[in-house]
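Feature annotation from TrEMBL assigns transmembrane segment to 41-62, 74-101, 121-147, 167-187, 193-213, 268-287, 307-328, 349-376, 396-414, 421-446, 458-481, 488-508. Sequence annotations record features per position, and here TrEMBL assigns domain 'Amino acid permease/ SLC12A' to 44-539. Feature annotation from TrEMBL assigns domain 'SLC12A transporter C-terminal' to 551-638. Positions annotated as region 'Disordered' by TrEMBL: 815-851. The compositional bias 'Acidic residues' feature in TrEMBL is assigned to 835-845.
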Amino acid sequence: MGKNPYNINSLFLANLLSTDVPTICCYNTAKLPAGISKLSIFFGVVIPTLLSMFSVVVFLRIGFVVGQSGLCQAIAMFVVAYFIICMTVLSVCAISTNGALDAGGAYYMISRALGPEFGGSIGIMFFLANVCGSALYVLLLHLVFFLDGTVATSPYQILPSGYWWSLLYATGVALLCLLVCLVGAHIYAKATFLIFLVVMFVLGTIFISFFAVRPRTILLPSSAAFNPSANGTGPSFPTTANFTGFKLDTLRGNLWADYTVDYTTGTMMTFATVFAVMFNGCTGIMAGSNMSGDLKNPSYAIPRGTITAVIFTFIIYNLLMALVACSCDRVLLQRDYSFLRDINIWNPFVTIGVYSSTLSAAMSNLIGASRILYALARDDLFGKVLSPAKKTSHSGNPWVSVLISWFLVQLVLFSGKLNTIASIVTIFFLLVYAAVDLACLALEWASAPNFRPTFRYFTWHTCVLGIIGCAVMMFLINAIYASASIAFMLLLLLLIHYLSPTSSWGYISQALIFHQVRKYLLMLDVRKDHVKFWRPQVLLMVSNPRSSIGLITFINDIKKSGLYVLGHVQLGDLNTLPSDPLQSQYDSWLSLVDQLNIKAFVNLTLADSVRHGVQHLLFISGLGGMRPNTLVLGFYDDCLPKDKLIDPSLSTSQSTDPPGPFQLEQPPLFHFVLGPQEYVAIIADAMKMLKNVVLARYFNNFDRAQALSPPSSSPGKGAVYVDVWPVNLLRPDSCSYVDTCSLFLLQLACILNMVRAWRKAKLRLFLCVEGGRSVRGSEEKLGQLLKELRIKAQIYTVPWDQQVALHWQRQNDWGKKQRSQSPDTATDEKKLRADEEEEENEDDYVNSFPSNATRLSDDYLSAVNKLILDQARPPPAVRFLYLPRPPADTRRYTAYLRQLELLTQDLGPTLLIHGVTPVITTDL
């Protein structure tokens, strides 16, 4: 004989120390035409599963396992192995009985449960495993014929051998499998039934032989035939062994383990290696479920047929082990893995059984690979790459997929070194089993109402045990290959995630997330809130999102992992409309959120006025402890809207027009929709509901990238600043820096500075002082406060005596006017002032709108505005200003808004902020 070109011993799959290829049949996953009858439980599930689980294992593995491990450990191994696969069988049965099961088998189950990413990656691995499995069984078939220990050493050898001859024989067998698969699955189903009859007949002769054949001495194969490198220099081994018939001494000699060197590879056996080899004989459990497209009633047939086949094979394996242990001595079991042929009533029976089961395994893996490829192509997970594989014949046979699969099988045959591939293939199959368990576990944990399988003999515990068992076996077979296979699966998962189109199958991840979020929201108790864990939870009111991109992205920066809701009010009355007009707009809003890459929710409402709509959103937005605590509004001014999504010169974001409500002709935020009276009323409503309020002005042209990249020629050498004015500039008679609103201002500025993009920005805190007060003392006090609050900021003292003088000058002018008024008018003014002062005294509102608002002259406000502008050297990226409370008298809302407008005139991006709740603490 020539040198074995494939570097594989004569009983290749029977003696791989840690690998084997389970036969996973996948038959016809294409939908059959109406004229073709479908298969019953026996032909569609029981027969494929039995042949897959038996293959050559029943003829070549039993003696190996009992001879090395002994009967007791062998039975224990099979019990453990069948326990692992039974956990997966329960998952398969549960998923297959949960509604209509389409063609695709295990791939269909996994992809429809776990989503296209996981399903596609497992599907590719399942396909490759079947391709390599078919090649391995083709190779085994011709190796058994030529190198089975008798023909190889016989002088009557007829056919030549060598690398190219071996490749020729393997190619011939592969072509035979190709022809059967090209004809169609119905022909293959008939062929498998004939093979099943042959295998069952051979098994019957084996059982009969234990009783009918008399004790005999059997010549053992030479080790040199399998391990030529020994060259006769190794230890000598017995050349004969005994078939003793049923004897108690023989049973006693085979009860316990006696691990020794494998005569075909020269490797020392251990419990782990024998268990890994034996475990592969228990695989093949998905053959029936992969027949789902050809079964009359998959939900009925799969659980019953699969469980029947598993029980039958378990009984057969244990009976064979018991008979072998009672009748064959240990040397025969350890030194001749094909001993069942030597003790058979007619030796060729076992050889016929080996050939039949091996040919069946090769064909089933080939046709299985083609059906998996067809299912992947039909789902368009890989675009046009697999589009040719969609083509089918008139009978529904995917012949292009069959040809592609056969071509890949031929490439594997050319590669030659298949021992390594066999280990990876086995691990691929175990990954598929674990994925099925994971799919069932995810469906069970999601508690989806539509997951109600008729097969109920499973729990999430069985799924977890199945996953753990498959994972342990993967690493027991080969830890390196197992790790590489998992890495390969994750790589495929990422590729499909980023390259494949969105599917309509439903994502189990969404159901799991919903289940977990609901559970944790219930655990989020608002009664346990503490100021040191406070974070902004923002409701941003948006009228025209196309012109509000700058504000939307900026508010996303200051949310600090808190809740962020984009709110929109559409005016209308549902009584006069045929349907809710907001439902069709949600997808467009969500597309905007995705395009801007912000982490925000969308909440839309229909109301008869903007004020009522904002009230609705403040009341209903959020759940449990996740509710908005801060309302952000655009400023009420006459700035024209600019489409930031369509004009690249206005924004770095470029996009085509999204459908839905994002039309440029819609008004900007509250512009032309409501008057100043209603606008200020919204602010007052939010404060009554104990919501912090932020008014954003001049953000219509805001661009974060531009704001954070000032020209290097500007003063400050390109530094970025954020200015904070923590004093109520509308009340120069009250210069407190430690009230709730001032601290809220500092907190938001600090949060912005904590965002990665804004970390290089420097906080500038401006301390307004009058000449008669201690400047140094005020500065030290504020610096100490910042140190305690762990806020890093530069403090600048700003004298504003001239501005305050303008204020008091107006006060004196107002006093003279007051004395010249009629008694009735003066009485009304005094009464109104008394009411407002009483309100201020009751609530101690340092941050309130001043009772002498009418006496804040335009000159004073313009002077303060100029003061702010003069301190901005260089100009800041954004300013934080103190927002006083609106006046109690609604008649003064217009004056309030006008004074805010004068105060912030031409300041650039500015936030007017009013805080109502404590948000800062010095405690740990």
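Backbone N, Cα and C atoms are what each Cβ position is placed from, and that goes for glycine too.
Remote same-chain residues near the transmembrane segment (458-481) are listed as 18-19, 83-84, 87-88, 90-91, 93-94, 272, 275-276, 279, 420, 423-424, 426-427, 430-431, 433-434, 436-438, 440-441, 444-445 (criterion: CB distance under 8 Å, separation of at least six residues from the stretch ends).
In the predicted structure, the domain 'Amino acid permease/ SLC12A' (44-539) carries a mean pLDDT of 83.
When the stretches 307-328, 349-376, 396-414, 488-508 are ranked by Cβ pairs under 8 Å to the transmembrane segment (167-187), first place goes to 396-414. The DSSP breakdown of the domain 'SLC12A transporter C-terminal' (551-638) into helical (H, G, I), extended (E, B) and coil residues amounts to 35 helix, 22 strand, 31 coil. At the 8 Å Cβ threshold, with sequence separation of at least 6, the transmembrane segment (193-213) lacks contact with the transmembrane segment (74-101), having fewer than 3 such pairs.
The transmembrane segment (421-446) is not in contact with the transmembrane segment (307-328), judged by fewer than 3 CB-CB distances under 8 Å for residue pairs 6 or more apart in sequence.
Under 8 Å from some Cβ of the transmembrane segment (74-101) lie the Cβ atoms of residues 65-66, 108-109, 113, 274-275, 278-279, 282-283, 285-286, 289, 292, 298-299, 302-303, 306-307, 310, 314, 317-318, 321, 325, 433-434, 436-437, 439-441, 443, 450-458, 462-463, 465-466, 469-470, 473, all in the same chain and six or more residues away from its ends.
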